[in-house]
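Feature annotation from TrEMBL assigns transmembrane segment to 13-33, 88-107, 114-133, 153-172, 181-199, 219-238, 250-270, 282-302.
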Amino acid sequence: MSASEQKWRNYEFYIGLTMAIFSSFLIGGSIILKKRALLRLAQTGGTRAGEGGHGYLKDWMWWAGLLTMGGGEVSNFAAYIFAPATVVTPLGALSVLIGAILSSYFLNEKLNMLGKMGCVLSILGSTVMVIHAPEEEEVKTLDEMAQKILHPGFLVFASLLLAASLVLIFYFSPRYGHTNVLIYIAICSLIGAFSVSSVKGLGIAIKGLFDSKPVWKHPLSYILIVTLVASIVTQVNYLNKALDVFNTSVVYPIYYVFFTTVVLSTSVILFKEWYSMFPVDIVGTLCGFLIIITGVFMLHAFKDMKLNIDTLPQVIQPKQEEHPVTEIIRFDDKQILIDSMENSVFSEQKPKLFVICS
């Protein structure tokens, strides 16, 4: 690779990084708008989204949240065109962080000291992953993209994802979706692998279009568009159901971990992004991802604890159990013991221990 090509690839990487961070701000804000709309629908007694209702479509706030999320997703999808998926996807933790901060102000979901530490860890983990970012295997044409999609390894992987998604949608979702948050989130995450792959392919098509290549004649372009639309509609539908039934602070952290894991696996199999990495970069990327997961877990697992700087000493200091003090009375002989039993010192009805010394 020449110096000019390397410089352009670095330039593309920073474009993708900037768009990924910008999308996190938009998506984090959209969480609050959509949740507020769903809460207002529940207060008015309308059929909730988790029960199959679509009354939220009449609320302007939900549409504002949808448009904001749409802008965030467009920015996020554009980031996939310029930067590796193993960098763009983990940066979605920033949207969880922003959503948690805004929830503390607009949804009365408190953010304690552990939550703030989780925010710091999420930023730290994202930074580590960016530093050790891999270089994806360059795909310049739709023909090369088609070869990768038709690779037996990816076909088996995609078939397993699709089969699992269909089983979850048609069997588990109607029966257990209202009681188990993992059902709706698993559907969104598994389908997300197809949306990310489609975006990467369409990014190649857009680049080819600017290079005056006849990409509209290639059937893969239309297959990718249909796949992208279908996957996005499915993800939005089941994400709305999850938000309606379960708490925001539960849905998005689990969704982040599931979705990121699936996308990282897809990138490894489809684009072989990890094949050109040094061992230290692989370890650094995995450690960064684990730091992000730890931060997201701390952000929401202890959200109900009343923990701050003022109450920290009380939480750390163990409670001392109070043991009843046994009163020991020492007498020199038996006669004094007998005489003292009539004394007022024993008027209280408490157990006493006598030690008789001869």
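Heads up, the Cβ atoms here are built off N, Cα and C, so glycines get one too.
Given the structure is predicted, the values throughout are model-derived calculations rather than measurements.
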Spatial neighbours of the transmembrane segment (250-270) far in sequence, C-beta under 8 Å, 6+ residues away: 31, 84-86, 89-90, 92-93, 95-96, 99, 136, 148-149, 151, 153-154, 157, 161, 181-182, 185-186, 188-190, 192-193, 196-197, 200, 239, 242-243, 289, 293, 296-297, 299-300
Candidates 13-33, 114-133, 181-199, 219-238, 282-302; stretch with most C-beta pairs under 8 Å toward the transmembrane segment (153-172): 181-199
Range from 114-133, 219-238, 282-302 with most C-beta pairs under 8 A to the transmembrane segment (181-199): 219-238
Cβ contacts under 8 Å made by the transmembrane segment (88-107) with residues that lie 6+ beyond its boundaries: 16-17, 20-21, 23-25, 27-29, 31-32, 35-36, 39, 72, 76, 79-80, 115, 119, 122-123, 125-126, 129-130, 196, 248-249, 252-253, 256, 259-260, 263-264, 267, 288-289, 292, 295-296, 299-300
Cβ contacts under 8 Å made by the transmembrane segment (219-238) with residues that lie 6+ beyond its boundaries: 66, 73, 142, 145-146, 149, 169, 173, 184, 187-188, 191-192, 194-195, 197-199, 201-202, 205
Folded-back contacts onto the transmembrane segment (282-302), same chain, C-beta under 8 angstroms, at least six residues removed: 86, 90, 93, 96-97, 100, 112, 114-115, 117-129, 131-134, 249-250, 253, 256-257, 260, 264, 274
